[in-house]
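A.B. asks: Sharing a structure below in structure tokens format, with a few things to ask.
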Amino acid sequence: MDPLSPPLCTLPPGPEPPRFVCYCEGEESGEGDRGGFNLYVTDAAELWSTCFTPDSLAALKARFGLSAAEDITPRFRAACEQQAVALTLQEDRASLTLSGGPSALAFDLSKVPGPEAAPRLRALTLGLAKRVWSLERRLAAAEETAVSPRKSPRPAGPQLFLPDPDPQRGGPGPGVRRRCPGESLINPGFKSKKPAGGVDFDET
């Protein structure tokens, strides 16, 4: 099974036109171990980030009452699914609140400088395009499966018994056995040894 895509949501939630995209990203250390977690908010022109370091993330988890090994990504995914993400912008800073869990989690974000934000926004755009393309392929495959006719299964081996003849066509009905020529009517299955003869009407 493919791993889950990084969660994201649009803000504000609800039927209003979206103005921001909020997503998370896990960072990897050189040894391949998960080294951190960051939240991002963008309006497609500017980018805000939590800019966590391993130490600042550990301090934040301790303040939230979370263990050092606990991943915040599932909490963010659940908040996105429940539309429980709130954003507040203040000049070059932003605050993000995740509710809907045992306790609300609040994060402070700083504006990312343009040269550093550009490659991240490019990666986000390409990643979203790939996800849309993948979803369209799955949808097309599901629609093709739904409209294609289902083939009735056929028996694997040869048919051992022939169907009974149709009584309406003059054939024998079910359970009627054909009599072979010369077969005895008294003892079915035995042929008469004496040839059948006619009646002589000329005898007196």
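Note that Cβ sites are derived from N, Cα and C of the backbone, with glycine treated the same way.
Not measured: the values here are computed from a predicted model.
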A.B. asks: Which range is it, out of 10-24, 70-84, 175-189, 190-204, that shows up in Swiss-Prot as motif 'XLM'?
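C.D. replies: Result: 190-204 is the stretch Swiss-Prot calls motif 'XLM'.
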A.B. asks: In whole Å, note down how far the CA of S134 (phosphoserine) lies from the CA of S148 (phosphoserine).
C.D. replies: 21
A.B. asks: By DSSP, how many residues in the domain 'PISA' (37-79) are helix, how many strand, and how many coil?
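C.D. replies: Helix, strand, coil within the domain 'PISA' (37-79): 18 helix, 9 strand, 16 coil.
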A.B. asks: Looking at the domain 'PISA' (37-79) alone, can you tell me the average pLDDT?
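C.D. replies: Summarising the domain 'PISA' (37-79) by its mean pLDDT gives 93.
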A.B. asks: Please report the number of other Cβ atoms within 10 Å of the Cβ of S148 (phosphoserine).
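C.D. replies: 8, counting other Cβ atoms within 10 Å of S148 (phosphoserine).
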